[in-house]
Amino acid sequence: MSETNVDSLGDRNDIYSQIFGVERRPDSFATFDSDSHGDISSQLLPNRIENIQNLNVLLSEDIANDIIIAKQRRRSGVEAAIDDSDIPNNEMKGKSSNYILSQQTNIKEVPDTQSLSSADNTPVSSPKKARDATSSHPIVHAKSMSHIYSTSNSASRQAKHYNDHPLPPMSPRNEVYQKNKSTTAFVPKRKPSLPQLALAGLKKQSSFSTGSASTTPTQARKSPLQGFGFFSRPSSKDLHEQHQHHQHIQHNNINNHNNNNTNNNGAHYQVGSSNSNYPQHSHSISSRSMSLNSSTLKNIASSFQSKTSNSRKATQKYDITSNPFSDPHHHHHHHHSSNSHSSLNNVHGSGNSSSVMGSSSNIGLGLKTRVSSTSLALKRYTSVSGTSLSSPRRSSMTPLSASRPVMSASSKKPQVYPALLSRVATKFKSSIQLGEHKKDGLVYRDAFTGQQAVDVICAIIRTSDRNLALLFGRSLDAQKLFHDVVYEHRLRDSPHEVYEFTDNSRFTGTGSTNAHDPLMLLPNSSSFNSGNHSYPNSGMVPSSSTSSLNSDQATLTGSRLHMSSSLSQQKNPAAIHNVNGVFTLLAECYSPTCTRDALCYSISCPRRLEQQARLNLKPNGGLKRNISMALDDDDEEKPSWTSSVSKEDWENLPKKEIKRQEAIYEVYITEKNFVKSLEITRDTFMKTLAETNIISADIRKNFIKHVFAHINDIYSVNRRFLKALTDRQRSSPVVRGIGDIVLRFIPFFEPFVSYVASRPYAKYLIETQRSVNPYFARFDDDMMSSSLRHGIDSFLSQGVSRPGRYMLLVKEIMKSTDPEKDKSDYEDLSKAMDALRDFMKRIDQASGAAQDRHDVKLLKQKILFKNEYVNLGLNDERRKIKHEGILSRKELSKSDGTVVGDIQFYLLDNMLLFLKAKAVNKWHQHKVFQRPIPLPLLFACPGEDMPALRKYIGDHPDCSGTVIQPEYNTSNPKNAITFLYYGAKQRYQVTLYAAQYAGLQTLLEKIKQGQAAIISKTEMFNVTKMSDRFFDYTNKINSVTSCDGGRKLLIATNSGLYMSNIKRQQNKDHRHKSSAFFSTPIQLVQRNNITQIAVLEEFKSIILLIDKKLYSCPLSLIEAEGNGTSFFKKHHKELINHVSFFAEGDCNGKRLIVTAHSSSHSIKYFEHEHPLLAEKNGSGSGNKKSLKKKITEVIFDSEPVSISFLKANLCIGCKKGFQIVSISQNAHESLLDPADTSLEFALRDTLKPMAIYRVGNMFLLCYTEFAFFVNNQGWRKKESHIIHWEGEPQKFAIWYPYILAFDSNFIEIRKIETGELIRCVLADKIRLLQTSTQEILYCYEDYRGYDTVASLDFWG
């Protein structure tokens, strides 16, 4: 074959390889003369085109001839344009213009982003994929995408080397590459996700693509980020081109070793320079899935610098083998070619030389930019700086915890790494002191001032430069960590500016790493195998997809190991915020060659100013962005009064009058701006949200109703107010005054009160929609970036701050108003000022109440009860959260200040609540840790032990829960606090620990205040001691009753019957109150076990129950002279035997005595006969049955436990429920209707019904466990509550609107209608003695063992 044919065949093969990506196989059919086809007759032509013989050869030959002729014409012209510094001369001749187009075409440089059509959609299980994965060979460099779209010289060289040097044989699958210091190993890189800070800029570029990406062959499971196009795998064509380029690199190495004798002992290795024999390329196996412009790359590079100067200098002094990231054991691949080996040795030079990719490469849309030696995309993961070649050299590494900001004015180590916004934000939230601050007349709770914020940031980043701290704070403000309470401006270093956290969350869980943190994507495996290569001691998962901006694999591996150890050693404290990013002013340069004395190549290096100062260089201005500011369209109104009128109108006025006119004009101009903002809110926000689907249709109406509540009312009033001000302002250049206008419109400002009160809930709705509704979040962001320059929060907050501005504006006018000259206006302004003060007070009250109510509602949504539900009364509109904080079940060590307690407590105005946060399916649930403790039953003591409560409880009659001090004055170094729940059914004691002693003292003080407030609200219950130190444990009081019009008291005890006189006297402390006391009791009858007593004064009889026998005795016993025991024996009458207890009362117009008999499950009742009637009927005094009529007995199926009197019937409480007994019909039936399914809880046999009371047209049934309402048909009242007792009461008393339940340890006082516990009176062994309309008598045992009689006086 001739030389021409040889060249033609080579060009054909070259073209075929470039088009199809594989080597053309030899022809398997015989060739023929291409010119002879013209002689073929039409009769010999086949009917189908696919049947034409050798059609493919004919077409390819014609195409090849056209291309070859075009190339030969342009070959001489293109050769002159080749860069001699990049490619050797012997390779340039005749190989530079391998265009595959017959006509000269200008090809525009396009971004090297994979399109949807070029994405590799081959299934993972395809054999083709397996061949691609196994055919990958370790190479020194991989081509960047810039060479794919480069000039033809690279294509020519590529084709030549592909034809001259076939692919080497594949390595065995189990082959392990030997480690060698002198060879450069390249590990296939895993493509990390782009930094979050750069994603926003990338998405705005037209070249940003999120094409479908398949999983890597070595990893069958799909990565979480591959669905977003962050990870991609190369196509088969890319892998084939990598082998071609590998051979191309080896051929260049041979030529460099033979023809170039340059001694490379310098400190830098420059790719693409005149001294380098390597072509331009970056480290990439496949094409990038993202395209970056220069500004985005600059932002990424400047945002992820993480190395300090001191640590860099220290680590660079280490030996080569001391760095684990540059250790030869980390290089897992090397080349088999000795030529490549020697060439690399020649290039690298000495082992301590620093290597930097200093050349320019085409990135994105053809923009020239520097390629860093370290992957920019990895800067968020690590602080390790590596080189672009994995040669054995030192690699500096700086842990995050050891970083120090360059600009810090203090030499102390910062508390956290100041460049990471997330860590500083977490420390900021835990360090800032929240409190109440006032702005524009409104009080904001859980807020802080701008000066406080700057102080805390200065302390965190260890700097005295407040401007730097202010810039840092505004970075946190920009990411919505906190905001101005009125959304007017950014952070300011002022004690008068008030800010609050954006989340305003009261629920802070335990510290944990965010599941969405990109750091969690790092693998933690120690070794793995992939394909036919082994990766020992590596924490990296190999992947065929990579980024063209990645660094060497040693850096990646080292960074992963470093960050994995950092994650295992450092626990991020509780930080519920979305702040993320890098503060570049405090970050360190990522370049390993950047020192304090050498100018860094990067223009955005943080040390650049310092380096320029050291080198005496003049700083260059650099490129500047042309920022176009949106101008206000309304330029009609002048900013000041003097500019709005002519100079002749004000030049002769005194300065005080000018100042007054400026203040009046400010009222007018600010009111106009406020009305304009209301119009924008109405026309832009309300209308858009109402007419579009930004808010879902099911909640749209409710959202607009509450978020924009009272906007139209305010606009209606202020529009007329503005019109009045406008007319006054235009009536004369010099306004005489506006006091009358302000005073006239203040009564119409009432919608502001309702508007301010609706803001907490409106803010909650907005934040909820912003977090769950991406359309609403985008809408709000679009409004902020539009000409409005403010979001919905800013516009809605103006209505909150406007009433306070009125006060400030009126006050400013009064300062400049002469009381003598402008007397009328000054008086109007004074009246308006007083009216505005009252108005602001009502706004503060409404705002505070609304905020309290909103906080309680949020708390109600979070609470989850583990076992028994407890009614916390959170539906009460008056419920408030007094204090909250975090405690721990374990002691917090002094050294570990970042440990967060696991118990969240909430001190309400009625009880103390403990919650424990737990994350379930990414939702923070707050489970009740212990049963909530009502404040009247709460005892708190600083320390780990609770003193004995007997002397505290029995010391005074009105004892209730309180804060007590330990018995011994010992220190409390552990900051422990012990809580005791003084309940009957749920008594428990728990000890928790506070982080700080001040927090412990604050909690105890808040508990004291809450308990004192409860007692002050129930002053109508006067608990006084009437008798003590007489009845000891051998002579217990069983029952008492009053007689002689309440002046005498009969006391039944275990040893007999006593009588005492009741005396009253004025209280010295409160003259309008009187206190009662008993005289020394006198024994009337000496009989043992008198368990119950009753006096029937109208029948002049005393009823006694002695040893289960019911006796009657004349009332004259109390006036009998001499021994009362003998008088009782002579005049008493035995009525009934085997009586468990009895009761007397009026029923159906009769005075009945009812006795209960437990043994026979029955009751007996009879009517007591008047003694005078008995004497008239001739009954003798010795007749035993003279005082009673016929005895009626009613038998039940269970034991009777209580007796209650209704108007016409008896209600007997049996163990199986209440039974109604008809006196007239002598029959009984169940009170509760079993047809009511809502009463299943009250139909248990274990319940003990104790009392029934008529309340209106309903009946209150009291059991030992609970109480509830039923109607006269025995059905439960609809939507009625159930009162659950804290104790197990045996007796009840009612004093509307309160119900009193007597347990042996305390008395519960509750509201009948709501069941709310308002007061508890604590004592030991309490027994109810007597109830009346004025007072209740009960007795208890004091700490000395004496029975003490006390009175609950309702009238006082």
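Going from the start of the chain as shown, residues are counted 1 onward.
A Cβ is built for glycine as well, from the same backbone N, Cα and C atoms used for every other residue.
Residues Ser464, Ser628, Ser716 are shown; Swiss-Prot lists phosphoserine for one of them, Ser628. Note on Ser171, Ser223, Ser591: Swiss-Prot annotates phosphoserine at Ser223; no matching annotation appears for the rest, which is not proof of its absence. Per Swiss-Prot, the listed range annotated as region 'Disordered' is 383-409 (candidates: 383-409, 869-895, 950-976, 1058-1084). For the residues Ser28, Ser34, Ser76, Ser1042, Swiss-Prot attaches the annotation phosphoserine to Ser76, which does not rule out the feature elsewhere. Per Swiss-Prot, the listed range annotated as region 'Disordered' is 626-645 (candidates: 486-505, 506-525, 626-645).
Of the candidates Ser136, Ser410, Ser566, Ser1159, Swiss-Prot marks one as phosphoserine, and that one is Ser566.
Mean pLDDT across the domain 'DH' (659-846) comes to 92 in this model.
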